[in-house]
Amino acid sequence: MDRDEGNYYGKHGEPRKFDPKFRGPIHNRHCTDIICCVIFIVVILGYIALGIVAWVHGDPRKVIYPTDSYGQFCGQKDTPNENKTILFYFNILKCASPVVLINLQCPTTQLCVSKCPDRFATYIDVQASYRYRPDQWNYFRQFCKPGFNNPRKSVAQVLRDEDCPSMIIPSRPFLKRCFPDFSTKNGVLTVANQTTFKDGRGKTRNVTDLREAANGINNVLDARSVGMKIFEDYAISWYWILIGLFIAMVVSLLFLVLLRFMAGVLFWIFIFGVIGIIGYGIWHCYWEFDHLKGIPGSDLTVYDIGFQTDFRVYLQLRQTWLAFMIILCVVEVIIILMLIFLRNRIRIAIALLKEGSRAIGYIMSTLFYPIVTFVLIAICISYWAVTAVFLATSGEPVYKVMANQTLCKYANLTCDPETFNRTNVTKLCPGAQCTFAFYGGESLYHKYIFIFQLANAFVFLWLVNFAIALGQCTLAGAFASYYWAYRKPADIPLWPLFSSFGRAIRYHTGSLAFGALILAIVQLIRVILEYLDHKLKGTQNSFTRFLLCCLKCCFWCLEKFLKFINRNAYIMIAIYGKNFCTSAKEAFFLLMRNVVRVAVLDKVTDFLLFLGKILVAGGVGVLAFFFFTRRIPLFAQEAPALNYYWVPLLTVIIGSYLVAHGFFSVYAMCVDTLFLCFCEDLERNDGSTAKPYFMSASLHRILGKKELSPKKAVG
């Protein structure tokens with residue numbers, strides 16, 4: 001058939017002739033948006049190549065293992081540091097904070113050690129007593145540079161060359177790094193119950209001097225303890241959590257079945273409940289207005305008393321309650337008028353919701369398609385995360401000159417540790433060392449790491465949006481097959497979901513990639529704007545902040561609009577098999593010709609599905625609460641003993657909401673597809689024998705059209 005006959009209206013709005021052969025999704029298709037399909041495939045191949053290059057150059061051990069001043073990993077197998085898994089800082093006072101210690105390099109020598117120091121000691125004291133107390137020297141020496149064993153070397157030279165630390169303090173490992181072992185005694189910060197310590201350079205210092213280097217460590221350690229308890233709770237309650245999620249799945253299915261019979265009842269109960277609540281509000285406002293009559297000061301106006309920080313003052317004014325009453329009356333009148341004038345469209349929306357439940361009942365496999373989308377998105381996230389880690393850990397060790405003297409002209413310059421001692425840097429800058437700084441390089445690849453990370457994020461967004469688009473187009477094709485079946489369910493094709501998936505992949509990969517590309521570009525811009533906003537948060541330029549805020553708002557609205565257009569474009573692609581731009585245009589104008597129906601259906605569907613999600617998550621959550629708190633006598637002995645009962649409880653509630661969202665997203669796609677098919681059906685057909693309606697009998701009765709033919713009535 002002529003594909004232009006798939007739409008009832010021509011380019012200039014003239015009616016097109018009816019195509020008696022049209023029976024829903026077209027099977028005789030051709031590939032659409034081929035150029036975008038080719039680009040998409042090339043980008044995927046390039047993305048795979050980027051991952052391979054990143055895997056060749058990257059080394060995730062740089063994230064897993066801490067690195068000492070020589071660029072060697074602590075705890076790496078088959079190396080001299082295999083049994084030395086913890087990083088030790090010679091002078092932690094030179095480090096600003098734990099964040100600097102973890103993410104950047106602290107300007108002090110760093111060594112891999114097997115354990116952290118457990119006592120206070122200074123090199124001066126240990127050297128002075130090494131002859132008659134060699135055990136102290138042997139203990140202290142394990143925190144010196146490997147191979148150093150010369151207690152006769154002068155203290156000044158040892159500290160200058162940083163052969164050993166000037167002091168050690170009791171520490172404990174955290175994130176495989178030695179941090180001071182802080183504790184609080186009677187509200188006073190201590191280390192090993194001491195408030196002072198010797199710094200090994202002739203000074204006695206207070207442990208508060210270590211505060212910056214250990215800022216937040218105690219809180220994080222407490223968080224680690226909480227994390228271990230949470231892990232224990234998950235370990236003993238995971239199967240009960242799975243049972244809760246299974247119950248959520250069953251309840252979600254039951255709710256979808258109930259919508260087939262109770263969608264109208266639920267909606268009207270809510271509407272009349274809102275009307276009743278607003279009516280009570282009007283009465284209460286009138287009662288307050290009348291009750292304040294004659295009370296001194298109640299007749300003052302809001303203008304008379306001006307702005308007050310205590311808003312209860314305004315509740316003592318009759319004018320306030322009068323304003324509330326007028327506002328509620330206006331809202332009440334608007335709702336009643338909308339119900340009167342839109343009653344037929346509301347009935348159509350409810351009928352479409354019931355029809356959606358019936359369609360899912362005939363094509364039950366659609367309820368499990370979100371699992372496919374979830375797997376595809378999980379693969380995308382995993383590939384992106386792994387590639388990002390390998391890109392971030394690409395590069396060779398870069399060494400820089402660390403000088404104690406602030407005026408050293410060689411400070412922060414790159415150096416070679418193998419030849420550093422033969423240069424004149426140590427003579428011009430006494431005490432300077434060539435220490436590991438970070439991982440990087442000067443090659444073309446290393447210069448464009450940031451660009452590669454940006455490309456990694458962009459392709460990730462593109463692939464995720466494509467996976468979502470594929471799911472929407474697949475479901476739309478399956479449900480369109482249901483709607484355009486003249487006799488339901490006899491005319492529904494065999495395996496409609498798999499057939500729709502095959503058509504989407506074979507013919508419309510380019511169109512789906514095109515829509516996903518547009519959305520990915522907007523989302524990337526939003527990510528960049530969020531990054532700029534984060535960077536400029538401390539700026540005092542009000543205009544810049546205002547401009548960023550406006551741009552963020554505009555692109556947020558644009559993303560929402562594009563998602564709406566893309567969703568309906570995919571439905572038209574699934575039905576007619578046209579390219580993305582044509583499908584988007586036809587879907588947009590079709591919706592604009594039925595804009596009131598769109599608004600009513602959208603709000604009715606949103607309300608009922610939101611109510612369903614709350615009911616599922618809330619109901620299963622209440623059941624989980626009573627179970628995990630052992631308030632169900634029948635299962636009191638079965639409930640596991642937990643550290644925090646809210647851990648599995650929150651998991652069940654959030655998981656139940658996500659399960660319900662997965663099922664209801666299929667339902668929402670079903671309703672949107674049936675609505676577009678319904679609008680097409682109205683524009684293409686008139687209910688006559690030559691041009692019969694494909695809609696269900698209930699929708700047909702609501703429209704008040706003539707009765708369906710006997711053949712149609714069978715469905």
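Placement of Cβ uses the backbone N, Cα and C atoms for every residue, glycine included.
Long-range neighbours of the transmembrane segment (31-56) within the same chain, counting only residues 6 or more positions beyond its ends whose Cβ lies under 8 Å from a Cβ of the stretch, are 383, 386-387, 390-391, 394, 445, 452, 455-456, 459, 462-463, 466, 506-511, 513-514, 517, 573, 577-580. What TrEMBL lists as transmembrane segment is 31-56 (among others).
If you look up TrEMBL, you'll see 238-258 (among others) marked as transmembrane segment. Counting only same-chain residues 6+ beyond the ends of the transmembrane segment (238-258), those with a CB under 8 A from a CB of the stretch are 357, 360-361, 367, 612, 615-617, 619-620, 623-624, 627-628, 639-640, 648, 651-652, 655-656, 659-660, 663-664, 667.
Residues or ranges marked as transmembrane segment by TrEMBL: 265-283 (among others). Note on the transmembrane segment (265-283): residues 259, 324-325, 328-329, 331-332, 335-336, 339, 346, 350, 604, 607-608, 611 of its chain, located 6 or more positions outside it, place their CB under 8 angstroms from a CB of the stretch.
If you look up TrEMBL, you'll see 321-342 (among others) marked as transmembrane segment.
For 362-386 (among others), the entry in TrEMBL reads transmembrane segment.
Residues or ranges marked as transmembrane segment by TrEMBL: 459-486 (among others). Below 8 angstroms of C-beta separation, residues 22-25, 40, 43-44, 47, 356, 359, 362-363, 366, 369-370, 372-373, 376-377, 380-381, 383-384, 492-493, 496-497, 499-501, 503-505, 508, 512-513, 515-517, 519-520, 523-524, 566-567, 570-571, 573-575, 666, 669-670, 672-674, 677-678, 681, 692, 694-695, 711-712, 715 of the same chain, each at least six residues beyond the ends of the transmembrane segment (459-486), sit close to that stretch.
If you look up TrEMBL, you'll see 507-529 (among others) marked as transmembrane segment. Listed as Cβ neighbours of the transmembrane segment (507-529) (distance under 8 Å, sequence separation of 6 or more from its ends, same chain) are residues 29-40, 457-458, 461-463, 465-466, 468-470, 473, 548, 551-552, 555-556, 558-559, 562-563, 566, 569-570, 573, 577, 579-581, 583-584.
Residues annotated as transmembrane segment in TrEMBL: 607-628 (among others). Tertiary neighbourhood of the transmembrane segment (607-628): same-chain residues 237, 240, 244, 247-248, 251-252, 255-256, 259, 263, 266-267, 270, 353, 635, 639-640, 642, 645, 648-649, 652-654, 656-657, 659-661, 664, 667-668, selected by CB-CB distance under 8 Å and a gap of 6+ residues from either end.
Feature annotation from TrEMBL assigns transmembrane segment to 649-669 (among others).
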Cβ-Cβ under 8 Å with the transmembrane segment (649-669): same-chain residues at least 6 beyond its ends: 234, 241, 244-245, 247-249, 251-253, 255-256, 259, 356-357, 360, 366-367, 369-370, 374, 472, 475-476, 479, 567, 605, 609, 612-613, 616-618, 620-621, 624-625, 628
